[in-house]
Amino acid sequence: MDPLNALIAVSNYVLIPGIAYGSQLALGALGVTLIYGILRFSNFAHGDTMAFGAMVTILVTWWMQGHGIHLGVLPTALLALPFGILGTMALLLATDRVVYRFYREQKAKPVIMVIVSLGVMFIMNGIVRFIIGVDDQQFADGERFIISARDFKAWTGLEEGLSIRTSQGITFIATIVSVALLFWFLNKTRTGKSMRAYSDNEDLALLSGINPERVVMITWLIVAALCTVAGVLYGLDKTFKPFTYFQLLLPIFAAAIVGGLGNPLGAIAGGFVIAFSEVAVTYAWKKVLGYLAPGGWEPEGLVQLISTDYKFAVSFAILLIVLLFKPTGLFKGKSV
Amino acid sequence: MNDTVKNIGLFAIVAALIALVGVQQGWNSALVIMNMGMISAIMAIGVNLQWGFAGLFNVGIMGFVALGGLAAVLVGLPPVKEAWSAGGLGILAGLALGAATIIGAVLVMKRMPRGMVRNLVVTVVLVAGFFIFRAVLDPAVLAVEAVNPALQGNLGGINPGGENYKDFGLIMILAWIFGGVLAAGAAWLIGKTALGLRSDYLAIATLGIAEIIIAVLKNEDWLSRGVKNVVGIPRPVPYEIDLQADPSFVARAASWGFDPVEGSTIYVKLLYFFMFLVVLLLLLWMAQMALKSPWGRMVRAIRDNEVAAEAMGKDVTRRHLQIFVLGSAICGLAGAMMTTVDSQLTPGTYQPLRFTFLIWVMVIVGGSGNNFGAVLGGFLIWYLWVQVEPWGIALMQFVTSGFPEGYWLKDHLMASAAHMRLFTMGLVLLLVLRFSPRGLIPEK
């Protein structure tokens, strides 16, 4: 029995990666849920928008690194992030102007908008692959660890090491800042209130003089910022590869739906639910159980419930369970 | 100009485009495009059945296509006897236990009254069943995968030929049917759980299912050798090598003005061409008949107004399930045909952009709700998908012709030219949606 080491092992392999991944999913799901609330369609191009934002940031980061600009212990990407956000904002506003606005004026059915977003997805995917290629890209620099496993062991004298990577710390802080800003904006500012009003009841909002085009524009700007932050954080934490971003679409949508589509608070909760389930179910619990079990009872196998390759199955299973039992999600979502 | 003339004209244009490939790049290339175009058209008929007829938003096509490919392996390969004796029964028992767990949980859900007790019992059944399932399955899987892992390590299929299994190539026709059946079975299971969901949710659910099916094919080595791929799947047509060694064929090819190599490759592709043509025409005829029948009218009525159709006494859920199963079966059939042409199953190559969303582009561009539109879209989009790559490279060569050799931008643009096809597909989809939203051949 060694509960302290077990706790450290759980923190190291489940809690910390889960929090980082959950934050990234939450930021992605917030974007999906905002678009669903205001523009009333599921945006399939979301993953590729994230990839685009991350790509612009990476290009600026490389330029900065080439000119000797850096942030010391922090990754240079943080300095490049605002440029990435501006680039994504420009892309999304242009997309809205050229593509989506036409269908909004037509009052097209939501499902038509979804199919339109499929076309946008193809184009963005093509642009990203065209500019940066399909391979892995490294752009993280600065100090790698906040706490490294070796220092932690030397410091505490425990058998298990705890490591917190800089990218994980930044992810967590950046998510809190973004979410705080978003909620302050939605709840306290006049524009944010008009957005919520528009999301709740379009006709009433129009009657009270809210300009729908302005609401839509601000939504795209916020979504661009969220997408870029989520994309860059995921790229820093793991790696940047355009195809992975496309695949993120599934857990992100699962998170938004589990939380209740159109509900920002739900998107955050959903992100963490999906992330923790995915990490917990695919983690091999042998080590932790080894610390907890009384002598001689240590498990022989890996005690891994399902292999990492089936992580999609986790998002999917949670999605189905929630939808079967609580069709509008954990928090009350809306339906078109 | 009436509609029929316009439609015949559209088909003639696509045929002329493919014929142009034949004249410029050789008839082998044209037949490759034609054969894959027919498979694409069949998939498009399946998607059109679901989306165009019934308005079901299925973005899991890739999964059903891959299941068709799995069927080609399970039928086309001979059984691996050592693997079966090592763990075949264990795997079957494990799978049966897994199925029993799920059926048990569903029964508990249905029979017991709502409440905490029921939830608890369901959880216990699922958790206990899962561990028993893993306990039975895992050792059997290890035993099977240990059998000659470099070449086999899987259970194989049902081909009766043994060593000479490649002589039993005609069994692949059975594999196509089995591909449809397998996909239909999966679709039935999925439909039972997910079809009650609203359109957006159904889309995400099917997207997830397709990824799961691919994950299974990639990781369950005992079934399909996973990422080690299955090669050498038999084929229903003769091999080029055999034809070239056959004096009577060489003489016949010479009388047509072909050398033996070119003649044999074209001959094989032509055989596939006629086989696929029969399947395509049969399915097209069936889909047309279904569309015109009272059943087709009912399905379209449900699509246009679900509430009204339900009020008229139509069983919406049952019709949706029926269509979902039928459409997916067609995709599975096409998937089995595709794996037969390739003679190999490579789970790593199944990508949603290529096998799900491209088919959607075909249906939307061709004209959803119209079978001929779907077929036209299948040929046209497949033609573009193949041809855009050389066009992109030619364009980049033109654009970069002013740059010096070895200049970084030139190298980058040339290397990236291949990605132009995704961009082009998106552009085609958006242009059609904007300027001809009902597709090239609209629904009547």
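Backbone N, Cα and C atoms are what each Cβ position is placed from, and that goes for glycine too.
Predicted, not measured: the structure shown is a model, and the values here were computed from it.
According to TrEMBL, the transmembrane segment annotation covers B:7-24 (among others). For the transmembrane segment (B:7-24), the list of distant contacts is 30-31, 33-34, 37, 372, 376, 379-380, 383, 387, 440-441: same-chain residues at least six beyond its ends, Cβ to Cβ under 8 Å.
Among the features that TrEMBL reports, transmembrane segment is placed at B:30-49 (among others).
Taken from TrEMBL, the feature transmembrane segment applies to B:56-77 (among others).
If you look up TrEMBL, you'll see B:83-108 (among others) marked as transmembrane segment.
Counting residues 6+ beyond its ends, the transmembrane segment (B:120-137) has Cβ neighbours under 8 Å at 90-91, 93-95, 97-98, 100-102, 104-105, 108-109, 112 in the same chain. Look at TrEMBL and you will find B:120-137 (among others) tagged as transmembrane segment.
Long-range Cβ contacts of the transmembrane segment (B:168-189) within its own chain (Cβ-Cβ under 8 Å, at least 6 residues beyond either end) map to 63-64, 67-72, 74-76, 159-161, 213, 233-237, 279, 321, 324-333, 335-337, 340. Annotation source TrEMBL lists transmembrane segment at B:168-189 (among others).
Residues 56-64, 66-67, 69-70, 186, 190, 194-195, 223-224, 226, 345, 347, 350, 352, 356 of the same chain lie 6+ residues outside the transmembrane segment (B:201-217) yet bring a C-beta within less than 8 angstroms of a C-beta in it. If you look up TrEMBL, you'll see B:201-217 (among others) marked as transmembrane segment.
Below 8 angstroms of C-beta separation, residues 31, 34-35, 38-39, 41-42, 45, 48-49, 53, 176, 236-238, 330, 333, 337, 341, 371-372, 375 of the same chain, each at least six residues beyond the ends of the transmembrane segment (B:270-291), sit close to that stretch. Per TrEMBL, the feature transmembrane segment maps to B:270-291 (among others).
The transmembrane segment annotation in TrEMBL covers B:321-338 (among others).
The transmembrane segment annotation in TrEMBL covers B:358-384 (among others). Through the fold, the transmembrane segment (B:358-384) approaches residues 7, 10-11, 14, 17-18, 21, 33, 36-38, 40-45, 47-48, 51-53, 59, 61, 280, 284, 287-288, 291, 300, 331, 421, 424-425, 428-429, 432-433, 438-444 of its own chain, all at least 6 residues removed from its boundaries and within a Cβ separation under 8 Å.
The transmembrane segment annotation in TrEMBL covers B:391-409 (among others).
Residues annotated as transmembrane segment in TrEMBL: B:415-435 (among others).
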Report, as numbers and ranges, which residues of the same chain sit near the transmembrane segment (B:391-409): CB under 8 Å and 6 or more residues beyond its ends.
416-421, 424
